[in-house]
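A.B. asks: Taken from TrEMBL, the feature compositional bias 'Basic and acidic residues' applies to 71-82, 110-121. Residues or ranges marked as compositional bias 'Polar residues' by TrEMBL: 123-138. Positions annotated as domain 'Anaphase-promoting complex subunit 4-like WD40' by TrEMBL: 426-490. Sequence annotations record features per position, and here TrEMBL assigns region 'Disordered' to 1-147. Annotation comment: TrEMBL describes 209-244, 255-296 as repeat 'WD'.
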């Protein structure tokens, strides 16, 4: 005889329309214990059993079993065995979040223990010696779909993109050297644990780099001390190159992503990316190791100068043949701010300490150009802080910030460098003027040494001048090139290494 233990009394059977009786609904929501034994129940068919409350005696009820339970009951009847079934459905049926309808749920197989962990009464342990493993619910297509938050879905997509990326995108090309940034120069390694000492003026030529086919506009050492042996160069031949300018003097990487002359380029603060601006009106962010273009930012003007935001490495300023300077965000590739002035071209940009303000240099030269040559801007509000900084009728092709003091210098076409305060109202220092070199219309750059004791500049005749910052006197001159020397840069770690470049495409490193 078969018996049913239910939690609720009911006399009704399942109606012909397919609706379950109250007893069966209670069994589906609260849990039913079924014991199937050999023999048909009295007065019923093979698909019905009698039921009564499990905790107290009560009236009996008849329930129809599902087809799978009928089959298992018949199998038990045929074998003459006794089987105990325990159904533990969830308290609520899961709903499909897309159809908003109750979906069928794949329940786990019956276990030999109840939710409280006790064995079911009447279980024949002699016939059932092994416990069936509990199977996890299976997701049936078109039925139950688990909800995944949007942030997790985006994270999974990013992970899949990285895992399925080709080896050519994630690894350097076999033609190039692998581990460009992981290698530490043997000349730099002894200086990594020591503090930068006094800057020494170079005297002899170390390497001559001659692979560029056009004038070199900008050179810069890598700011990361471990990779500071790498030198970046931007040329009018539409290429950007990375050199080992300390140990071997050979070109390590060449990037040809621009279709026009590259006017300016700089390292990112982490040393893994290169930001370059070109006359093709674009600014590119390139991965140093793979050479992959990470971002392409298109402007409406030819780009002449770039400046990274000191407080946010993903934001930079871009200026050129336009009356405005744009602030770009590399993550969204969008212009976040715009700074407009009544000018024609921005020659150079430099951020002041803390990155809250910056100075732009323009090509505006006229009788009333005192309010447009050098302009101080507030980075957040895009407002002009001061436009009465430089009162003389000379353009300033380059600017440089002192590494320790709150001052900056401006290279002028009057064949001298003027010193200004980096704090409001940005007054010019009339007692100090660094003169003795010739500019003559070239975009000659200048730079302070890492300790701030020296100020170096190129000249139109190829001679490099080293000035004492405190006395503004020429300490030494170095005949570096035959043509105009447009850029000079000090090594950030080695105190006796300097690099120069000229208008013919030649790059020299000096020791």
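The backbone N, Cα and C atoms fix where each Cβ goes, glycine too.
No curator has checked TrEMBL annotations; they are predicted automatically.
The shown structure was predicted, so the numbers you read here are calculated from the model rather than taken from an experiment.
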A.B. asks: For the repeat 'WD' (209-244), find every same-chain residue at least 6 residues outside the stretch whose CB is under 8 Å from a CB in it, and list them.
C.D. replies: 180-181, 183-185, 187-188, 192, 250-267, 269-271, 274, 276, 278, 286, 288, 443, 445, 486-487, 489-494, 499-509
A.B. asks: Taking DSSP states H, G and I as helix and E and B as strand, how many residues of the repeat 'WD' (255-296) are helix, strand and coil?
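C.D. replies: Helix, strand, coil within the repeat 'WD' (255-296): 0 helix, 23 strand, 19 coil.
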A.B. asks: How many of the residues that make up the repeat 'WD' (209-244) does DSSP mark as helix, as strand and as coil?
C.D. replies: 3 helix, 18 strand, 15 coil
A.B. asks: Per DSSP, what is the residue count of the domain 'Anaphase-promoting complex subunit 4-like WD40' (426-490) in each of helix, strand and coil?
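C.D. replies: Once the DSSP states are binned, the domain 'Anaphase-promoting complex subunit 4-like WD40' (426-490) shows 0 helix, 33 strand, 32 coil.
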A.B. asks: Mean pLDDT over the repeat 'WD' (209-244): what is the value?
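C.D. replies: That region's mean pLDDT is 96.
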